[in-house]
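Annotation comment: Swiss-Prot describes 69-91 as domain 'Follistatin-like'. Taken from Swiss-Prot, the feature N-linked glycosylation site covers 114. If you look up Swiss-Prot, you'll see 259-294 marked as domain 'EF-hand'. Annotation source Swiss-Prot lists Ca(2+) binding site at 272, 274, 276, 278, 283.
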């Protein structure tokens, strides 16, 4: 639990600086979007950016004419721009050896075949060379950090995961609300929802709480958790916004959580009740104990 609290304080605290630093951080760089100006209002600063996982996105070209045609020709992760014989820009696989040398362990990533790469650049460059192959199709970035032993998730542990996750989502929103003044961390509609949670005297403060207390608090203060669960769904449902979460859309939340919470993968797998590889809002909310009558698409704001 202490890891969750540390994760919350450090990353939610990053929200104060994040709106102006996104484009400079490789780990949060968008694959297909040109220069970013900051976190969208109401975005979750805790999850890594969706662009890190958009492996199938198309390259884009700006209409601005440049002396170097490659200057405004943007390639997805793992590819770089080169000019062909007719001076036309094209995206080709990047040589992994051309990736910047990693600064530290925090830049390393682990693939779903349990191989550690020096950075996301090295991973995507390698994946690009496998395009069109069965191995390349199955290869994905699993989580941030070097590969480590992930213990099996026991049934008893699986039941505890949503207790901590719900409490964490609530605390992330409250922290954003408290630090929102002048920072546009939340939209006005989101502020109105979170204000009620923040001002409720019965709210359980962030802390290293036993799961028994978290379970009792959810039962006593159930209404406080309805919006945070919907809010997080909306943060992930972005490409496209269709009311379903794909593996790629879940990745920005899964990747930083797996090293700390070994039940992360199994939890999200159990949420997919119909095994269609997508998690609908109803499945997501149900996984967190939200009653069917309280699941409301209008709360995904």
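Heads up, the Cβ atoms here are built off N, Cα and C, so glycines get one too.
Mapped onto this structure are the features recorded in Swiss-Prot.
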residue	record	DSSP class
114	N-linked glycosylation site	coil
272	Ca(2+) binding site	coil
278	Ca(2+) binding site	coil
283	Ca(2+) binding site	helix
Other residues near the Ca(2+) site, CB within 8 A of the CB centroid of 272, 274, 276, 278, 283? 244, 271, 273, 275, 277, 279, 280
Restricting to the same chain and to residues at least six past its boundaries, which positions have a Cβ under 8 Å from a Cβ of the domain 'EF-hand' (259-294)? 3-4, 7, 143-145, 148, 150-153, 157-158, 160-162, 164-166, 218, 225-226, 229-230, 233, 237, 243-247, 250, 300
Mean pLDDT, the domain 'Follistatin-like' (69-91)? 91
C-alpha spacing of the residue listed as 'N-linked glycosylation site' relative to residue 272 (Ca(2+) binding site), in angstrom: 24
Take the domain 'Follistatin-like' (69-91) and count its residues per DSSP category (helix H/G/I, strand E/B, coil), listing them in that order. 4 helix, 10 strand, 9 coil
In the chain carrying residue 274 (Ca(2+) binding site), residues 6 or more apart in sequence that have Cβ under 8 angstroms from it: 283
Who sits close to residue 276 (Ca(2+) binding site): which same-chain residues at least 6 apart have their Cβ under 8 Å from its Cβ? none
Rounded to an integer, what is the Cα-Cα distance in Å between residue 278 (Ca(2+) binding site) and the residue listed as 'N-linked glycosylation site'? 23
Going along the chain, which residues six or more apart from residue 114 (N-linked glycosylation site) have their CB under 8 A from its CB? 147
